[in-house]
Amino acid sequence: MTAKTVMMIGYGAMGRAVHELLPSGLALRWVVVPELSVAETVARLGQDVEVMTSVDTCRERPDLVVECAGQAGLAEHGGAVLARGWSLAVVSVGALADDALYGRLHDAARRSGGKLHVLAGAVAGMDGLAAAREGGLESVTYEARKAPASWRGSHAEELVDLDAVTQPTVFFEGSAGDAARRFPANANVAATVALAGLGMENTTVRLTVDPDTTRNTHRIHARGHFGEFEIELSGYPLASNPKTSTLAALSVVRACRQVLEPVVV
Ligand SMILES: NC(=O)C1=CN([C@@H]2O[C@H](COP(=O)(O)OP(=O)(O)OC[C@H]3O[C@@H](n4cnc5c(N)ncnc54)[C@H](OP(=O)(O)O)[C@@H]3O)[C@@H](O)[C@H]2O)C=CC1
Ligand SMILES: O=C([O-])CC(=O)C(=O)O
């Protein structure tokens with residue numbers, strides 16, 4: 001049987017983890033990275049994978065395109081993928097807090113028959129939340145708790161002294177849209193919860209730095225006509241990037257596997 005093909009946008013910590021776990025029967029054929037990373041990525045991947053800076057260079061049709069490139073990468077390449085009518089599974093969901101980008105990707109997919117799949121990423125429960133929305137939701141709160149190392153290099157450094165915290169400290173409380181825009185590498189899940197539930201402005205987000213944890217912990221509380229649920233997921237970060245949970249990479253692997261499966265769970 002010929003292998004189904006995958007294109008990956010971005011090849012950082014998550015992309016590499018996904019590549020390692022790609023199910024047999026699927027081949028990573030194209031990787032899209034910024035110009036500055038082309039040489040290093042070619043050296044890592046060898047001849048079997050075509051490394052490019054633009055989706056336009058690809059002359060075939062991938063069975064699935066996965067984005068592991070950060071919000072800027074989704075903004076740069078998402079439109080071109082969807083305009084071709086391809087399927088695009090994304091993790092940098094916070095980019096969709098930008099209404100103009102959301103509209104552009106939505107319209108490109110609608111015109112071409114392409115599909116934008118918002119992956120659950122580092123959290124669970126998005127199916128239940130989206131189902132609950134059908135009956136009406138009253139409130140949705142999302143809280144993330146991570147170690148200081150996971151918040152380094154982010155806007156958190158301007159809000160709290162990451163070297164001095166001695167106990168769990170909330171340093172941001174606001175809307176999902178605001179969180180996704182201010183913490184592009186750390187609060188994509190806030191946008192995912194918002195898209196599944198009450199939207200960017202009506203989803204409350206709390207971000208905490210916890211000096212005593214090595215996990216990335218996500219808690220979602222939702223209340224509505226269906227009743228109420230609370231889930232807490234305590235994930236291991238990837239060794240190669242403490243901002244990124246292992247489960248987020250695994251959600252991309254799952255999306256890849258679904259290309260092969262006649263029954264989708
Ligand atoms: N939904 C979720 O649960 C989660 C989502 N994420 C999202 O996944 C993204 C990737 O995570 P991770 O792999 O750990 O991050 P890394 O920073 O390790 O990797 C990002 C990769 O994307 C590349 N890239 C950056 N800009 C572009 C662009 N314009 N076009 C193509 N490629 C680009 C980078 O290249 P270069 O090195 O040259 O910059 C690098 O290869 C995060 O930035 C975040 O947005 C992360 C965790 C959880
Ligand atoms: O991986 C995680 O724990 C979540 C994350 O970074 C994000 O939401 O952007």
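Each Cβ is built from the backbone N, Cα and C atoms, and glycine gets one as well.
Just so it is clear, the model here is predicted, and its values are computed rather than measured.
Under the heading domain 'Aspartate/homoserine dehydrogenase NAD-binding', TrEMBL lists 10-118.
For Ala122, Asn188, the entry in TrEMBL reads NAD(+) binding site. Around Ala122 (NAD(+) binding site), the same-chain residues six or more apart in sequence whose CB sits under 8 Å from its CB are Asn188, Val189, Asn216, His218, Leu233, Gly235, Thr244, Ser245, Leu247, Ala248, Ser251, listed in sequence order.
Counting residues of the domain 'Aspartate dehydrogenase' (166-253) by DSSP class, helix then strand then coil, yields 24 helix, 38 strand, 26 coil. According to TrEMBL, the feature domain 'Aspartate dehydrogenase' maps to 166-253.
Taken from TrEMBL, the feature active site covers His218. Its Cβ placed at the centre, His218 (active site) has 25 other Cβ atoms within 10 Å.
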